[in-house]
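Quick notes on the structure that follows.
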Amino acid sequence: MAETGSMKKLRGGEKEPTLIEMSPKTDESSGDGVAVLTGYRMKWLAGEDNNGHGCLPSSATASHLPGIPETLSTRESSCLISSMQGIWRKRVLFLKCRCRIEKRPQSKDSIFFRDGIRRIDFVLSYVDDPTKDGEKKAERRKEFEINLQKAGLELETEGKNESDDGKTYFLKIHSPWDVLATYAEVLKIKVPFKESDIPSDSETPLSWLFKPFKLPPEVMYPEPDYFTSPFEKNKPGFFLIEDKDTVFPPSTRNRIVPILSTEEGKKKLGIKRLLNNGSYTTAFPLHDCRYWKKARDQNCENERFTLYRSWARFMCFYKEQPLNLIRKYYGEKIGIYFAWLGFYTEMLFYAALVGLICFCYGASTYSDNVWSQEICSVDIGGEIVMCPLCDRKCGYWKLNTTCESSFQSHLFDNVGTLFFAMFMGIWVTMFLEFWKRRQARLEYEWDLVDFEEEQQQLQLRPEYETKCTRRRMNPVTQELEPFLPLTSKCARFCLSGATVVFWIALIIACIIAVIAYRLAVYAAFASIMKENQTQDLQLVGSLITPQLATSVTASCLNFVVIMILNILYERVAIWITDMEIPKTHLEYENRLTMKMFLFQFVNYYSSCFYVAFFKGKFVGYPGNYTYMFGVLRNEECDPGGCLIELTTQLLIVMAGKQIWGNIQEALVPWLKNWWGSRKARNHPEGLYTRWEQDHDLQCLGQLGLFYEYLEMVIQFGFITLFVASFPLAPLLALCNNILEVRVDAWKFTTQFRRPVAAKAHSIGAWQEILNGVAILSVVTNAFIVAFTSDMIPRLVYYYAYHPGTENSMEGYINSSLSIFSIPQFKPHNMPEDGESPSWFNSSIITSCRYRDYRYPPGHEKEYEHTMQFWHVLAAKMAFIIIMEHVVFMVKFFVAWMIPDVPNDVKARVKREKYLTQEYLHNYEIEMLKKQLGENSSSSTDRHEVLSEVI
């Protein structure tokens, strides 16, 4: 917009010598408020506001008030308004708002410049800084914006008086065609050159069954299927370009702007550096509309609205995901995350189904297991006196008091457990192999076949350049670049490693503290619950035992400790990763990934490892118990086994984490946005601008997807490492993930600013982590079945030690319990007076039973392990070796049988490369013929002119 003469003078620092008098008449639309503006206008034209301070206007677009001359621009009128006080300021602000609504033809809820033509590709915001650094920030901003304009970008500024808070400036950036075309060629962005002639997959005969789960084709496939080729600016006729404004989607446009904003020159004024030093407060691309309704502008794609309606609502939980639209709107990196999460959820359905069948098998044979019947029998379990489970505070007890827990243990500890453990070892391989195929298909469909890590990921981090003061010559670019000396790098790595080891040791210390809690409170629970005092509790009273009460409370305490350590270590991990000064963003993310996963692996799984592989394994026997720290006696497993305690631990930690995670993901950003936009949420559309709406949303951050992946990978560990103890874990994970997909979709669509699109052809380092967890899961499940479950001892008894001629489980309980002579108890092991139940008579009952395979008192090998113990141990080791080898063989065979890339994808890639070469060859020939034709025609014209002259 052209500047007026007065504006030019004011911009040059001169005061206008004349005063423009305003008419004292009152406008019909403005009332009598405008007449009072004259005095303020006179002061302002002298270059002063109401307080005598300088007030210089800018060349912003006019937004006039009724009765104010047309020579006033937005900055002029805003400065005039800011100088007013009291009721007149409120009156003029009201008139200004009404003018914006009634007289401005274009809505402020728009993704275009004021001309309504040029699209806003990126937005920067900043505020005035009254401190000394404010001038430096302003200079940096000015130089940065000049550099952007030199690069060909077009800028438009919204003054702070146009913003809702009256403090924030917004710089809108538009990338014209020439800039987009240039950098599209540099980044090798693929553009369609021919519509695909490969027929789509034909529908299966039962496709109608899946129709309720399908989305409309226009949502699933927002763009036709094309053959694409890397864009070349000098060959526009080769590509299918109907409209230059739409050939590159918004996700591509907003990816190019930050690349143009990287550091150049000696002053290093890149956008990331300017964000770090506070010159700009935020930088983000715009959502295309409000999520709950379409934009008024017909040129707006309304993709955010479509995503919300068809994807981000929980009522769509049974629908497929519009992956192509997600990729188009958010970019490939976010698209690949949701593709992986959706595929993982689909595969969980099969694991959950088999796990549910195994659980139903255990429930159907609930009352048929002989060993539980023997425990509950008055004649067998009611006559077996068990040795005290703790020193001094625990008395003797009868085996039939564990009747309920024995039956509960059978729900998970049965033959189905063995089958399910082997099935999950194969399932995890199928999941990883089929995901590779799905990923390969997405790579082709999303033009990532020849993908290379782009500049955004491989460029030097601003922190690296700032902290690395030394320079050396790059042999490739022949330019000086910063580097970190080897001695400094080693020192930083050593400090980082020591910090990680310290925190892992802290986790182990916390686990030991929880174990000490279990040992200490068990005696208390046993003392409180003696004589069946819990029978007074309705419904659950008969189910509560000292073992169960100890296990549940310890699991809850452990979960609280886990969450606290997570919060603390997250900050520590980021700090030590920053201290290492990784060179690129990709390197930074990979290092943080390994640190966080290693810590969370130990944090979440250590308590489950303790219950599965250590509890009850190093107890000793009556008269010779082992103690922790020489004080606390190691706890024993329930006569029904430790598997039910592992199930309880897994259920509490896994379910608690999922519930807490979903609440935190959904509630925290919603509360922050609600509080941040509380003043502006009721503004009409014409006043609450699109950039202000997005500015009030939460920022996803560079590590936004990192935490999403981490959450899912930890869950993957729960359902694979310990699934033999809890077949319903995949079902629990499936229910969580159905909700997780929609919570994440809702969060991305409604609560976060639109992130800068980024390319990614895989899930990155997480793929290797999943492979490692999958291999480890085979080992852990084999050990759980062998050492935590009672499956192997039962099978050994059934085939080798059963009485009689026919295989039977009768007598198993008696065979699995050893005998100890009560008079041989040491004084500190004996129960205190009054701790034993009233039915116990020491003169009649001279022995007690304990869980082990040892010779009875009076035997020549008294209290040594029997031959049955060694047979059981040999069977356990043999089972581990056989199961691991069988599962690994099947895993490798399945991985070998299933190719990573589907055959049809290979054919499509080859055909696309062939067509690209053929079409490029034909195009160049046509252009050459055209050029030769023009040259020959111009030569003929010259000959004709010469002949006429002659």
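The backbone N, Cα and C atoms fix where each Cβ goes, glycine too.
According to TrEMBL, the features are:
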REGION    1-32  region 'Disordered'
DOMAIN    112-323  domain 'Anoctamin dimerisation'
DOMAIN    326-912  domain 'Anoctamin transmembrane'
TRANSMEM  337-364  transmembrane segment
TRANSMEM  415-435  transmembrane segment
TRANSMEM  500-528  transmembrane segment
TRANSMEM  548-569  transmembrane segment
TRANSMEM  596-614  transmembrane segment
TRANSMEM  712-734  transmembrane segment
TRANSMEM  769-789  transmembrane segment
TRANSMEM  877-898  transmembrane segment
Six or more residues beyond either end and a Cβ under 8 Å away: which residues meet both conditions relative to the transmembrane segment (877-898)?
421-422, 425-426, 429-430, 433-434, 437, 774, 778-779, 781-783, 785-786, 792
Counting a contact as 3 or more Cβ pairs under 8 Å, with residues at least 6 apart in sequence, do the transmembrane segment (500-528) and the transmembrane segment (596-614) touch?
yes
If we skip the immediate neighbours and take only residues 6+ beyond the ends of the transmembrane segment (415-435), which ones have a Cβ under 8 Å from one of its Cβ atoms?
340, 343-344, 347, 350-351, 354-355, 357-359, 361-362, 719-720, 723-725, 727, 730, 770-771, 774, 777-778, 781-782, 784-785, 789, 791, 883, 886-887, 890-891, 894-895, 898, 900
Could you tell me what the rest of the chain brings near the transmembrane segment (596-614), counting residues at least six beyond its ends with Cβ under 8 Å?
500, 503-504, 507-508, 511, 514-515, 555, 558, 562, 565-566, 569-570, 573, 642, 645-646, 649-650, 653, 657, 706, 710, 713-714, 717-718, 721-722, 725, 769, 780, 783-784, 787-788
For the transmembrane segment (769-789), find every same-chain residue at least 6 residues outside the stretch whose CB is under 8 Å from a CB in it, and list them.
413, 417-418, 421, 424-425, 428-429, 432, 593, 597, 611-613, 617, 641-643, 646, 713, 716-717, 720-725, 876-877, 879-880, 883-884, 887-888, 891
